[in-house]
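Taken from Swiss-Prot, the feature domain 'FAD-binding PCMH-type' applies to 29-205. Look at Swiss-Prot and you will find R177, E364 tagged as active site. What Swiss-Prot lists as active site, proton donor is S260, and the listing cites sequence analysis.
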Amino acid sequence: MKSSGAGAAFAGASVADAVPLAPLTTLRVGPTARRLITCASSEQVIATLRRLDTERLAGQRDPVLVFAGGSNLVISDALSDLTAVRLANDGITVEGNLVRAQAGAVWDDVVLTAIEHGLGGLECLSGIPGSAGATPIQNVGAYGAEVSDTLTRVRVLDRGSGQVRWVPGTELEFGYRTSVFKRRADDGLEIPSVVLEVEFALDASGRSAPVRYGELAAELEVPVGERADPRAVREAVLALRARKGMVLDAADHDTWSVGSFFTNPVVAPDVYERLAGSVDGPVPHYPAPGGVKLAAGWLVERAGFGKGYPVPDPGGPEAPCRLSTKHALALTNRGTARSDDVIALARTIRDGVRSVFGITLVPEPVLLGCRL
């Protein structure tokens with residue numbers, strides 16, 4: 001990696017040539033970008049993207065990837081002509097019960113800051129890797145909570161007009177792991193708008209949001225629907241996530257992943273009834289708008305893909321990409337995986353679940369230059 005000396009063209013942002021992207025993602029897979037532009041402020045993000053989009057209109061630019069934490073990306077190793085723009089604007093401010101975070105802020109730092117200021121509402125989202133700006137794009141959620149529960153507005157750069165404005169959360173068309181941002185994106189490289197800042201309105205009473213998730217309630221030893229100390233909820237969530245390999249640890253290959261690779265499918269009630277009648281024992285399910293939500297991890301394991309799949313033969317080599325030994329939904333890089341290895345395993349699992357149950361799992365991460 002070397003500096004190109006072109007930072008002045010991007011309002012002082014750092015510019016480097018030939019930068020490997022794999023170390024900048026939680027899956028640790030990806031190509032060497034032709035150019036990496038790191039923006040330390042929202043002003044640098046705006047200036048950089050305006051310039052790159054002007055170059056695009058003139059037909060003079062490479063494909064542009066905009067990212068921050070790299071926690072929800074599978075980038076094809078073939079995308080060697082990329083200009084990557086990394087959001088490193090990481091300011092966090094608190095005013096009363098409002099928490100504002102710039103797009104590049106580490107998400108778990110945002111959660112911890114809120115809790116340290118006595119604010120409840122984000123604690124169930126503790127330990128989720130990635131950046132604050134990415135959370136509204138797919139309406140990040142865990143343990144019965146979603147970003148849309150407390151998000152009031154986002155500050156965005158419209159790349160078509162070059163304008164910057166605040167957009168109310170009510171206009172973001174949130175759904176299960178989706179939003180207007182995700183639906184309008186083409187292939188992850190031609191996103192029409194970029195989140196610069198997010199704002200949350202939280203509970204200043206010193207209580208958590210109601211604990212809606214049974215596993216978390218059991219960990220806290222409280223009834224479902226009860227509120228608790230946000231710090232206690234955070235610690236319980238982190239403990240649950242750690243046991244599932246969902247807290248980043250450079251020494252643990254079970255955490256080299258994008259988290260859950262597939263979303264929990266929502267099916268029609270008759271599909272659920274048919275499934276429940278065809279297997280022994282209960283089928284994990286939850287009510288959802290428009291149908292019944294099934295547990296993707298249960299489907300994966302019941303289709304024959306247990307934790308650690310594919311398990312190496314005794315004394316034999318380990319596959320470069322395997323399911324986590326702790327969580328059946330995490331596809332993990334065992335140290336040498338490339339994007340093709342990840343996609344191949346994802347296809348095998350998707351096709352296997354479809355063959356057994358007639359249900360097609362949908363990938364949760366953004367796939368850049370590759371597809372299932």
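Each residue, glycine too, has its Cβ placed from N, Cα and C.
Remark: E364 (active site) has N72, Q138, R177, V258, G259, S260, F261, F262, T263 as non-local neighbours, by Cβ distance under 8 Å and separation of at least 6 in sequence.
According to DSSP, R177 (active site) sits in a coil region rather than a helix or strand.
The active-site residues listed here are R177, S260; among them, S260 has the most other Cβ atoms within 10 Å of its own Cβ.
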